[in-house]
Amino acid sequence: NLQESESENKLDGETASDSESKSEFGGSSPVPTSDDTPEVLNRALSNLSSRWKNWWVRGILTLAMITFFFIIIYLGPMVLMTIVMCVQIKCFHEIITIGYNVYHSYDLPWFRTLSWYFLLCVNYFFYGETVTDYFFTLVQREEPLRILSKYHRFISFTLYLTGFCMFVLSLVKKHYRLQFYMFGWTHVTLLIVVTQSHLIIHNLFEGMIWFIVPISCVICNDIMAYMFGFFFGRTPLIKLSPKKTWEGFIGGFFATVLFGLLLSYVMSGYRCFTCPVEFNNDTNSFTVDCEPSELFQLQEYNIPLVLQSVVGWKTVRMYPFQIHSIALSTFASLIGPFGGFFASGFKRAFKIKDFANTIPGHGGIMDRFDCQYLMATFVNVYIASFIRGPNPSKLIQQFLTLRPDQQLHIFNTLKAHLVDKGMLGLEDA
């Protein structure tokens with residue numbers, strides 16, 4: 001009997017250390033989320049089985065979210081950045097609330113206050129870096145902003161150090177271990193949520209297409225994996241998510257790669273999607289007008305001999321970005337779901353169904369963005385590794401902040417280098 005009970009605990013993902021923690025923390029756990037489906041949908045779908053009812057609820061809400069996604073894209077970069085910030089705050093709130101519900105019995109002093117304070121500090125640091133990087137001319141034009149920019153990292157460290165001291169002062173004798181658990185909980189949450197949302201905004205500044213295509217591929221994979229799994233799923237994929245099947249995983253992969261190719265082809269023809277998002281200091285607004293780079297100019301590629309007999313073509317005209325979209329959609333299909341599996345393991349560890357009940361049929365905001373954050377990191381690394389080169393405008397910005405003697409030294413060094421390379425004649429120099 002003892003062996004059977006131990007095996008059951010292992011199947012539930014609970015170990016001996018988990019049991020000890022439960023006893024120490026009073027055995028409290030989050031209350032499972034209740035049925036949050038709107039009454040209108042409940043009445044309209046009352047004759048359906050629970051399986052098909054869930055299918056329709058998820059489908060209707062998915063269409064509503066996709067519509068909202070298109071609306072915020074239409075409203076422009078500033079609204080997108082605001083939405084990213086709101087999503088980040090909501091995801092942080094959902095994860096911190098779970099921690100509070102698990103450990104609330106001890107009524108830890110300052111826990112929630114310190115959690116939100118650390119969120120403020122980290123956001124100040126990351127967004128301050130972004131403002132300095134992308135709005136350099138505006139920052140240099142305003143004296144207060146120039147001072148804040150110059151000492152930004154020192155101010156950020158001072159703010160964090162204040163929170164650190166507040167945490168140490170809040171320690172209660174009988175609950176040291178629990179409070180350090182929560183300190184770690186807060187910081188891991190910040191690492192997962194704030195850092196990734198910061199990377200999403202960086203991707204956005206590279207061009208709307210680097211923001212829209214990856215997010216759309218994750219959404220497509222989530223939908224198509226669900227559809228293939230719903231209609232054809234028979235073989236379980238992973239124990240963390242019992243409803244996930246190999247049929248859904250494989251079907252979602254092929255559908256997402258095809259979707260990525262088609263979407264990138266359509267978007268590559270529009271400058272508003274392909275041009276980097278830049279701030280115009282004259283109009284104090286964002287602009288997305290430029291001459292498209294080679295990534296977004298149609299080129300002719302030879303089709304491999306193996307495929308020529310199948311498709312009947314020898315060459316194909318496509319945008320180079322479409323080749324990169326294959327890498328993005330492949331990651332979204334094969335590695336992206338592991339963000340969802342990670343979230344599933346987290347929820348099973350605390351015996352909850354969803355992070356929250358914000359969206360009927362879908363759970364909380366974090367339930368929808370668990371894969372998006374992993375995707376954002378990949379896109380940022382991918383751009384830095386294979387796409388982005390040295391940025392002349394940023395080098396000039398840094399050059400203009402130097403002292404006149406330093407600028408003259410760099411000018412003479414660059415002039416001598418160009419003369420040695422034969423790119424500049426002695427008479428020109």
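Yeah, the Cβs are placed from backbone N, Cα and C, and that goes for glycine too.
What TrEMBL lists as compositional bias 'Basic and acidic residues' is 7-23.
Taken from TrEMBL, the feature region 'Disordered' applies to 1-38.
Per TrEMBL, transmembrane segment is recorded for 110-127 (among others).
The annotation transmembrane segment is assigned in TrEMBL to 154-172 (among others).
Sequence-remote contacts of a segment are chain residues at least 6 beyond its ends whose Cβ falls under 8 Å from one of its Cβ atoms, and for the transmembrane segment (179-201) they are 81, 84-85, 87-88, 91-92, 95-96, 99, 103, 108, 111, 114-115, 118-119, 122-123, 126-127, 130, 167, 170-172, 211, 372-374, 376-377, 379-380. Under the heading transmembrane segment, TrEMBL lists 179-201 (among others).
Residues or ranges marked as transmembrane segment in TrEMBL: 207-233 (among others). Sequence-distant contacts of the transmembrane segment (207-233) (same chain, six or more residues past either end, CB-CB distance under 8 Å): 55, 58, 62, 66, 69, 73, 77, 80, 200, 243-253, 255-256, 259-260, 263-264, 267-268, 272-277, 288, 296, 321, 325, 328-329, 332-333, 336-337, 340, 371-372, 375-376, 378-379, 383.
Taken from TrEMBL, the feature transmembrane segment applies to 245-267 (among others).
Taken from TrEMBL, the feature transmembrane segment applies to 321-343 (among others). Nonlocal intrachain contacts for the transmembrane segment (321-343), taken as residues 6+ away from its ends with a CB within less than 8 angstroms of a stretch CB, comprise 209, 213-214, 217-218, 220-222, 225, 238, 240-241, 244, 249, 252-253, 256-257, 259-261, 263-265, 268, 274, 295-296, 355, 366-367, 370-375, 378-379, 382, 386-387.
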- Against which stretches of its own chain does the transmembrane segment (245-267) lie, if we need a Cβ under 8 Å and a gap of at least six residues from its ends? 209, 212-213, 216-217, 220-222, 224-230, 232-237, 273-274, 318-319, 321-322, 324-326, 328-330, 332-334, 337
